[in-house]
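Contents: one structure, followed by commentary.
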Amino acid sequence: MAMASFARRKAYLLSKNLSNSPSSDVLKYSLSLSSFSRGFASSGSDDNDVVVIGGGPGGYVAAIKAAQLGLKTTCIEKRGTLGGTCLNVGCIPSKALLHSSHMYHEAKHAFASHGVKFSSVEVDLPAMMGQKDKAVANLTRGIEGLFKKNKVNYVKGYGKFISPSEVSVETIEGGNTVVKGKNIIVATGSDVKSLPGITIDEKRIVSSTGALALSEIPKKLVVIGAGYIGLEMGSVWGRLGSEVTVVEFAADIVPSMDGEVRKQFQRTLEKQKMKFMLKTKVVGVDISGDGVKLTLEPAAGGEQSTLEADVVLVSAGRTPFTAGLGLDKIGVETDKIGRILVNERFASNVPGVYAIGDVIPGPMLAHKAEEDGVACVEFIAGKEGHVDYDLVPGVVYTHPEVASVGKTEEQVKALGVDYRVGKFPFMANSRAKAIDDAEGMVKILAEKESDKILGVHIMAPNAGELIHEAVLALQYGASSEDIARTCHAHPTMSEALKEAAMATYDKPIHM
């Protein structure tokens, strides 16, 4: 019944030419399975139904789902702890530090206005790092517990293909074993993207990994790259006392963000004393002294300048981790940046070899990888899987947070669709005013004729939680009136979404 309902909705949206189907450059690769022939005397495929290379959000979720579907499953992870970059040196530890640094900042700057006063407040950085590490350790052990519960075999080591159905694993203990499977899923995630002429030493020039483990608060921090990760880590250290300057080659921060929201977001970060040097490139790095001296130049060329820092964070994006897996040995096709080309069922051009998450086209997000993992395994099990890449929410976990789903106003304009915009500021939201945290807005875009919601953008405290009402609305093809006529509890931040929806199809009440 659910699949039939989904099919009907999809047919309707296609008839309106407003389907939220994946963008044309994602997962449209056309297979030619007949071009590859297994040339191995023994595949050993009876050992496992599914082998997953990589234990990150995509890999461990795929492994658990496969086991739940009754498939004999083995997961191979080189790190020795499950959860991948996200849990070990990414999403989870960064959110721990974002929360801890926000608590310190609030205690120092906001508590007094709420009647909570201290004689003094200081940062205990080792304790802050300890809390972060404890959270990571507990979660990684939790995933191992889920593996045991679901009977997933866990192999710790670096895996690489020796045939389409065999993976050679150099184990952490120093040995070697061969894991065999009928279906092998590549879920090795991504790695930090380096910049020419800049060597990351994780001491003075750090990646996001090093930025999560600094032993002291830098007086001056330069962040190269104004994307999600750079702004989040800049926020952490800025709250703790660093003077933060963000250098960005592009003309805007977070280029994928809705333009109007982006401008307000940048103004808010500037109020928090974060400095921005946009349309600027780094052309030289000098580490001969105690700190780091950067030579800068306008992106379009011109007069050079210098910028000094105690620590430089290189946050120029991520690149798929596919080198060294032996993909070329078995004939798996990749694109020019190393992503594995797959069809809509996550199958590569080599029968029995699949790929998910950051190693295939699409947003490099943990929750996207999880959805990939579940859908891929469902296909392998003979069921139907589905991931709609237009409905993957994105969140910047600064304060306030910025969250979005669907299309930006710029994208809607480019489509030539007649649309309406509804906005509502949190300054007019009673809960936000009551807690004295009212920076931000909700913006909704809807098709003018049908009132179907095309995109929702929220800048607010806990925007990452608020966005999921919008994700669900878009998933089911809701109109702005549908949200506006849905009762929301009072007083809540969620009422701002209701009021923005009212502003989209009619008029808001509280503005």
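Glycine is no exception: its Cβ is also placed from the backbone N, Cα and C atoms.
Features of the protein shown, as given by TrEMBL:
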- 49-373: domain 'FAD/NAD(P)-binding' (DOMAIN)
- CYS86-CYS91: disulfide bond (DISULFID)
- LYS95, GLY159, THR188, GLY189, SER190, ASP358, MET364, LEU365, ALA366, HIS367: FAD binding site (BINDING)
- GLY225, ALA226, GLY227, TYR228, ILE229, GLY230, LEU231, GLU232, GLU248, GLY317: NAD(+) binding site (BINDING)
- 392-501: domain 'Pyridine nucleotide-disulphide oxidoreductase dimerisation' (DOMAIN)
- HIS490: active site, proton acceptor (ACT_SITE)
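Everything TrEMBL records as a feature, shown here on the structure.
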| residue | record | Cβ neighbours (10 Å) |
| --- | --- | --- |
| CYS86 | disulfide bond | 23 |
| LYS95 | FAD binding site | 16 |
| THR188 | FAD binding site | 31 |
| SER190 | FAD binding site | 22 |
| GLY225 | NAD(+) binding site | 22 |
| LEU231 | NAD(+) binding site | 27 |
| GLU248 | NAD(+) binding site | 25 |
| MET364 | FAD binding site | 19 |
| ALA366 | FAD binding site | 21 |
| HIS490 | active site, proton acceptor | 10 |
Counting other Cβ atoms within 10 Å of each residue's Cβ, which of the recorded positions CYS91, ILE229 comes out lowest? CYS91
Around the Cβ of GLY227 (NAD(+) binding site), how many other Cβ atoms lie within 10 Å? Please give the count over every shown protein chain. 21
So how far apart do the NAD(+) binders GLY225, ALA226, GLY227, TYR228, ILE229, GLY230, LEU231, GLU232, GLU248, GLY317 get, largest Cα to Cα in Å? 15
Compute the C-alpha separation of GLY225 (NAD(+) binding site) from CYS86 (disulfide bond), stating it in Å without decimals. 19
Out of the binding-site residues LYS95, THR188, LEU231, give me the one sitting nearest to HIS490 (active site, proton acceptor) by CA distance. LYS95
Which chain neighbours of the NAD(+) site, leaving out GLY225, ALA226, GLY227, TYR228, ILE229, GLY230, LEU231, GLU232, GLU248, GLY317, have a Cβ atom within 8 Å of the mean position of the site's Cβ atoms? VAL223, VAL246, ILE253, VAL254, SER315
Rounded to a whole number, how many Å is the Cα of LYS95 (FAD binding site) away from the Cα of GLU248 (NAD(+) binding site)? 23
Rounded Cα separation (Å) that holds between GLY227 (NAD(+) binding site) and CYS86 (disulfide bond): 16
Considering only the binding-site residues ILE229, LEU231, GLU248, which residue has the minimal Cα-Cα separation from ALA366 (FAD binding site)? ILE229
Roughly how many Å lie between the Cα atoms of CYS91 (disulfide bond) and ILE229 (NAD(+) binding site), rounded to a whole value? 9
